[in-house]
Amino acid sequence: MVLIRVLANLLILQLSYAQKSSELVIGGDECNINEHRFLALVFNSSGFLCSGTLINQEWVLTAAHCDMENMRIYLGVHNESVQYDDEQTRVPEEKFFCLRSNNDTKWDKDIMLIRLDSPVNNSAHIAPLNLPFNPPMLGSVCRIMGWGAITSPNEIYPDVPHCANINLLHYSMCQAVYPGMPAQSRILCAGIQTGGIDTCSGDSGGPLICNGQFQGILHAGGNPCALPRAPGLYTRVFDYTDWIENIIAGNTDASCPP
């Protein structure tokens, strides 16, 4: 069963490439404090949770299904119970989405570009992640991260983000698991086929970083998390780079790829 992971069901595809389940995000280890300077923590007043990625001082990229009222975006966070001097909080000034057509499926265009109400300052714990300059390569080892659940189906949420490695898989592996996926889409399939490591509730909108490049935005995955042969689904960022760059440059009428 596919689940759009918004608080109760988001993904943290923590697939431990060549490692055992002692290192899970439903598995994974605590992220190094310096490896997620671009990672945004997204909340609203009711506690709805997603992640996002800072791509420059004024813009954050996340999943469209993470859109909500009263959104607050936290940057420079590591331990939710400890506030660092350089933590910064912003709210959206503008939100940009891809226009959907009648031909689009639920898998399409799950991407939201947020302009912050004021620029953030780079610091020891805050720095943007560049957009990809090459398309993703099948078989790549990819990094996932977030504050999502570390157990499933009875979710327990950590105070610190967890990180793990997964593999970029052939699209057909996700087609075989999730009924109704089209023959082609702008979705990446990533995970570990044996299961045991996975993204989970609270990780939606977070980045998939393959060979050092920001290639995916967490869209959906299996429920419960970490089942065998149930990889995660990620919006393919490379396909949207022209749209993103046009919006940032002020061309707000720019169209997304079909």
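Cβ atoms are placed via backbone N, Cα and C, with glycine included.
Model, not experiment: these values are computed from the prediction.
The annotation active site, charge relay system is assigned in Swiss-Prot to HIS65 (among others). Taking the Cβ of HIS65 (active site, charge relay system) as centre and 10 Å as the limit, one finds 19 other Cβ atoms among all the protein chains shown. Secondary structure from DSSP puts HIS65 (active site, charge relay system) in a helix.
Under the DSSP three-state reduction, ASP110 (active site, charge relay system) is assigned to coil, being neither helix nor strand. Every protein chain shown contributes to the tally, and the Cβ of ASP110 (active site, charge relay system) ends up with 25 other Cβ atoms within 10 Å. What Swiss-Prot lists as active site, charge relay system is ASP110 (among others), and the listing cites similarity to another entry.
With a 10 A radius on its CB, SER204 (active site, charge relay system) counts 33 other CB atoms from all the protein chains. What Swiss-Prot records for SER204 (among others) is active site, charge relay system, and it gives similarity to another entry as the kind of evidence.
The annotation disulfide bond is assigned in Swiss-Prot to CYS31-CYS163 (among others). Counting Cβ atoms from all protein chains shown, CYS163 (disulfide bond) has 22 others lying within 10 Å of its own Cβ.
Annotation source Swiss-Prot lists disulfide bond at CYS50-CYS66 (among others), citing sequence analysis. CYS50 (disulfide bond): 31 other CB atoms within 10 A of its CB, across all protein chains.
In this structure, CYS256 (disulfide bond) belongs to neither helix nor strand by DSSP; it is coil. Neighbour density for CYS256 (disulfide bond): within 10 A of its CB lie 20 other CB atoms from the protein chains shown. Marked as disulfide bond by Swiss-Prot: CYS98-CYS256 (among others).
Under the DSSP three-state reduction, CYS142 (disulfide bond) is assigned to strand. Per Swiss-Prot, the feature disulfide bond maps to CYS142-CYS210 (among others).
Here Swiss-Prot flags CYS174-CYS189 (among others) as disulfide bond. Around CYS189 (disulfide bond), the same-chain residues at least 6 positions away in sequence with a Cβ under 8 Å from its Cβ are LEU168, LEU169, HIS170, TYR171, MET173, CYS174, PRO231, GLY232, LEU233, TYR234.
When Cβ atoms from all protein chains are considered, those within 10 Å of CYS200 (disulfide bond) total 37, not counting its own. The secondary structure of CYS200 (disulfide bond), as reduced to three states from DSSP, is coil rather than helix or strand. The disulfide bond annotation in Swiss-Prot covers CYS200-CYS225 (among others), and the record cites sequence analysis as its basis.
Annotation comment: Swiss-Prot describes 25-249 as domain 'Peptidase S1', evidence class sequence analysis.
According to Swiss-Prot, the N-linked glycosylation site annotation covers ASN44 (among others). Of all Cβ atoms in the protein chains displayed, 15 besides its own lie within 10 Å of the Cβ of ASN44 (N-linked glycosylation site).
Swiss-Prot lists ASN79 (among others) with the feature N-linked glycosylation site, giving sequence analysis as the kind of evidence. Classification of ASN79 (N-linked glycosylation site) by DSSP places it in coil, neither helical nor stranded.
Here Swiss-Prot flags ASN103 (among others) as N-linked glycosylation site. The Cβ of ASN103 (N-linked glycosylation site) lies under 8 Å from no Cβ of any same-chain residue at least six residues away in sequence.
Per Swiss-Prot, the feature N-linked glycosylation site maps to ASN121 (among others). Sequence-distant contacts of ASN121 (N-linked glycosylation site), defined by Cβ-Cβ distance under 8 angstroms and a gap of at least six in the same chain, are GLN57, ASP86, GLN88.
Residues or ranges marked as signal peptide in Swiss-Prot: 1-18.
Comparing the Cα of CYS31 (disulfide bond) with the Cα of every entry in HIS65, ASP110, SER204, these being the active-site residues, the smallest distance points to SER204. For the disulfide-bonded residues CYS66, CYS98, CYS174, CYS210, CYS225, the greatest number of Cβ atoms within 10 Å around a candidate Cβ is found at CYS225.
All chains included, 20 other C-beta atoms sit within 10 angstroms of the C-beta of CYS31 (disulfide bond). ASN79 (N-linked glycosylation site) is surrounded by 13 other CB atoms, counting those within 10 A of its CB over all protein chains shown.
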